[in-house]
Amino acid sequence: MTNTTVAQTLSLQRRNEQRRTWILLALFCVLVASFVMDIATGPSMLGVEEVVNVLLRLVGVPVGVQPTSEVIVISLRLPIALMALIVGGVLGVGGAEMQTLLNNPMASPYTLGMAAAAGFGAALMLYAGSFGLSAQLAVPVGAFVCCMLSAGLLFGLAMMRHITSGQLILAGIALLFLFQSLLSLVQFVSSPELSQQILFWLFGSLTKATWTNVGITASVTLVCMTLLMRDAWKLTALRLGESRAKSLGVNVARLRLRILVIVALMTATVTSFVGIIGFIGIVAPNIARMLVGEDQRYFLPLSFLVGAFLLSSASVLSKSIVPGALFPIGIVTAIIGVPFFFWMIIGKRSH
Amino acid sequence: MLEIRDLSLAFDDLLLADRLSFQLQAGKTHVIIGPNGTGKSSLLKVLFGDIRPQSGEVLFDGERLDYRQTGHWRQRFGYMPQDIRLDIGLTVLEVVLLGQLDALSLKLRDPLIESALRALDRIGLLHLAHRDVRTLSGGQCQMILFAQALMRNPRILMLDEPVSALDLHFQQVLLDHLDQQTHRQNWVSVMVLHDLNLAAQYADNLLVLKGGRLIAQGAPAAILSPELVHEVYGVSAEVAYDQQGVPFVRTPRRSRSGQSVAVPETQARSALAG
C-alpha cells in the first residue's frame, strides 16, 4: 500500500520535473525567435528566411544566400544580437543570485550599486583621460575596476560576523547613492560635450558590441554559469535561511563570498562593455520564480533565458519604434518591461 | 557519546555557561529544560560548532571539535533549529530532499527521492509531498523540517523546541518516532523542550539548566520535584505521578488576589492514588 503510494508520488515528481524542463525548452524557442527577429530588424530590413539561411550557412549547412545580407548579418547584426542574449542572461542570473543570497526579491547588482560604480568608473576615464590605454579599452577597464571595487566593499561587509542580509542590502543601497553622487560630480565638472559623452555611455547600448567583446563576455559567462550550477543545491538550501542552511552542512560564509565574486565578475564584465541596463536584474528572476519555483536547477537557467529574452526583444523594439532611429536599449527595457511585470504580479494574485 | 568539558560561554555580560560539563550517551533521549533566555539554544549551537565558547571543549566519541574545520563535525548532525518559517517557492519533497544536500546532483536518482518520500510517509505526511511549502501551516512546516533532519542519517539529532507548533496528534507522532529511532539507531538525541510533562515522558536523561549551571540531571522521576520547579522557574507547582510512575507537573492558577490556590502536594498525590 505504502509502496505504491511512494511510487505514485515519485512519478508525480518526475512529471513535475518534466513540466519545468518543458518550460525551459519553450522559453529557449521563444528566445531563438526573438534572436532571429533581432538580426532581421535594422535600417535595411532582412527577411526572416534570409537570416535563418545565413545562420544555417554559418554552422555549415550549404544554403544559398545573398553576399550583402551575409555581410550585414555576420559583421554588423550578429555580434549585437548575441551580446543582447549574453548581457540579458547575465543580468537575469546576477539578479537571481543576489536575491537568493540576500533573501530579498528586491536585490540585484543594480540596486546594490555595482552598476552605478561601473558608470562612475567609465565617466572618470572619459573625464580624466585614459592613463595611456586606448580610449576604447580604458572606459571598459575603468568601469570594470570600479564595479569590482564596490563589490569588494560589499564582500568586506559580508565577511563580518553578525551582519544580516538586511544590513547588506542597506549598505548596497548606500553605495548606489554614493557612486551616483560621485558620477554627478564628474558630470558637473566636465565640459558639456564630455558630459554628453558620459550620458550616452550611461544609457546602455549594445552597439558597442564587437566580436572581441562578445568573445570575452561569452567566455566569462560560460565559466561563471558552470560554477554557479555546481552550487545549485547549496543555493537552494541557502534560501531556507542562514541557520537552516548551516544545519544542512552549508558553509554559509564561504558560499556567500564565492557567489558574490562570481556575480560581481559577470556583472562588471557585461556592464563595462554595454553600459548600464537596469530593471532586467530585478524582473527576470521574479518571472522565472513564478514559472518554476526556486529549485535552482531550473530557476538559475530560466533566469538566464528570461533575462536574455527580455533584452533581445527590447533590442528589437529599440530599433523598430521609430524606423531608422535607434533608441538606447537601457531606456527601452524599463518602459516596456514595467507594464508587463505589473501584469504578471496582478495576474498571479487572482489565482 | 557527546561530551562537554568545562564549557564557559558569555555574551557581553550575560553568562550562559559557567564551567559546564556533562556527557550525553548514545541510544538515549536527552532533554534540556530551563527558563527562557538561559542559553539552551546557544548550547545546541555550541555542540554544532556554530558558536565558539570562551573556553572548554566538545567531544564526540573522543574526537575533539575543531572550530576551524567544522564541515566533517557537522556531517554527523541532524539539527533542527527553532525557527520554523518556510518562505520559499519549493515543494515539501524538495525541502525534505535538502536534508541529503551532499548527495544531491542535477539529475536526482530514484532511490534518493524514494527515501525522502518514505521519510514523509513515516510521519504520515506523504500526501503533502507536492504542496508548495508556503501554503503549509506552522505545524506542518515543523513536521517537514523534522523529516528533513531525519534525511541526514544523523548520529546526533538535535531538536530545538520541535513540538512548539504541533497539535497533540503530531506531538505524539514526532516524539514517538524520535523515541523509537533513538533506541534502534543508537542516536544521541538532544532536545530542548518547555513542556515539563512531555520532557518527563520522553527524556531518558533530563538536564536542568539555569544561570549557566547544570542544576540537576537524571531520570525525570528521580529529579522532578516541586522544589526543583520552584528553584528553576520561581513557580510553585504540583508534581504527581501517573500509573507508570512518570511524573507530571501542574502549575495552579493563582487566585485573583495573587495567592496560589494550590492544594498541598501530599494531598494531590493521595488524591491521584485514590
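Using N, Cα and C of the backbone, Cβ positions are placed for all residues, glycine too.
The annotation transmembrane segment is assigned in TrEMBL to A:21-40, A:71-95, A:107-129, A:135-156, A:168-189, A:209-229, A:259-283, A:298-318, A:325-346.
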Among the ranges A:21-40, A:107-129, A:135-156, the one whose Cβ pairs under 8 Å to the transmembrane segment (A:298-318) are most numerous: A:21-40
Seg_contact(the transmembrane segment (A:259-283), the transmembrane segment (A:107-129)) with at least 3 CB pairs under 8 angstroms, min sep 6: yes
Long-range environment of the transmembrane segment (A:107-129) - Cβ separation under 8 angstroms, sequence gap at least 6: 91, 94-95, 98-99, 101, 138-147, 149-151, 154, 169, 172-180, 182-183, 186-187, 189-190, 194, 197-198, 201-202, 263-264, 267-268, 271-272, 275-279, 281-282, 285
Proximity verdict for the transmembrane segment (A:71-95) and the transmembrane segment (A:21-40), three or more C-beta pairs under 8 Å: yes
